Amino acid sequence: MKVLSKLKPAPGLWLHKAPTPKPGRDEVLIKIKKTAICGTDLHIYKWDEWAQKTIPVPMHVGHEFVGEIVEVGEAASALAVGDRVSGEGHITCGDCRNCRAGKRHLCRYTVGVGVNRPGAFAEYLVIPAKNAYKIPAKISDDIAAILDPFGNAAHSALEFDLVGEDVLITGAGPVGLMSAAIARHVGARHVVITDVNDYRLALAEKVGVTAAVNSTKTPLTETMKNLGMTEGFDVGLEMSGNAEAFRSMLTVMNNGGKIAFLGIPPEPFAIDWNQVVFKSLLIKGIYGRRMFETWYKMTNLLLSGLDISPIITHEFPMKDFQQAFDVMLSGKTGKVILNWEQ
């Protein structure tokens, strides 16, 4: 089969041939239809400090996908050949305290598809059957291919009650944009998103935000005044990992405000803890998706009419992966799809 891999400890990815894997008794073999490029894949492509410390070489990469089951292990009775699936990319142990309590997203021994074990940038992928998720017919292949990051957005956005609330999102990358779409869909009053990338702020307008703010040009306080906000934001969703963005968020949160923090800072940074203490702010770290409660919720958000298609901006045949990564590296994209059937 054709595979896109990190074959040597250097920038880039390489397309090559590899043996088609065989599923074990509790696994499924999936023929990949489409994959999407994640920020994690960019880290691996660039071979930055995180990738050098984390990724074994060689490694088939990629973890956002949709495909069709073509072989089922003897113990995987809940699935069948022909099922169209995406999959949870976090493989958990099943035996630790959190796994046994039904909190698999908190497993201390999580292994990542395309990070610690062979990934989805391949014609075929093997994952545990319990990690495969059947896709309703009304959800397109393009949307099914981005359910993994959509799950990050849903986990973050739905962590706190948003109905009637004023919501601030820092970071208009794909997950921030999807979070904004969710907040609007479930009934937030004002949804304000900040970034420094005008291309992505324009995408934010397409998903229905109240205001898309370039934080280098317009103070948040000015936007709040224009919206008639007299207090502060009730809910914050930090998606950027940027220290200054988070510090700015803290200054405009209402007393008793709640923050879901998904962005990954490149290094530790200081904040004004007086903002946290005297405002009685609640800050909740978010990682991955609740298995599989988040999957149920995000599927039904889509089936109830939530449209995240404007976030998908480019699609390339798999053979043109280099062009796809070049576009991603430009910063002028939303989600980028690789088609493995072309």
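Backbone N, Cα and C atoms are what each Cβ position is placed from, and that goes for glycine too.
The shown structure was predicted, so the numbers you read here are calculated from the model rather than taken from an experiment.
Now, the feature entries from Swiss-Prot:
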BINDING   C38, H63, E64  Zn(2+) 1 binding site
ACT_SITE  T40  active site, charge relay system
ACT_SITE  H43  active site, charge relay system
BINDING   C93, C96, C99, C107  Zn(2+) 2 binding site
BINDING   V175, D195, R200, L262, G263, I264, I286, Y287  NAD(+) binding site
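Taking the Cα of V175 (NAD(+) binding site) as the reference point, the closest of the binding-site residues E64, C93, C107 is E64.
Around H43 (active site, charge relay system), the same-chain residues six or more apart in sequence whose CB sits under 8 Å from its CB are W50, A51, listed in sequence order. Take the Cα of R200 (NAD(+) binding site) and measure to each of the binding-site residues C38, E64, C96: the nearest one is C38.
Within 10 Å of the Cβ of T40 (active site, charge relay system) there are 24 other Cβ atoms, across all protein chains. Taking the binding-site residues C38, C96, L262, I286 in turn, the residue surrounded by the fewest other Cβ atoms inside 10 Å of its Cβ turns out to be C96. The Cβ of Y287 (NAD(+) binding site) has 14 other Cβ atoms within 10 Å, all protein chains considered. Annotation: no binding-site residues among C38, H63, E64, D195, I264, Y287 have CA atoms within 10 angstroms of the CA of C99 (Zn(2+) 2 binding site). Spacing of Y287 (NAD(+) binding site) relative to H63 (Zn(2+) 1 binding site) is 15 Å (Cα to Cα, whole number). You'll find the Cα of T40 (active site, charge relay system) roughly 11 Å from the Cα of E64 (Zn(2+) 1 binding site). Closest to C38 (Zn(2+) 1 binding site) in space, going by CA atoms and restricting to the binding-site residues C96, C107, D195, is D195.
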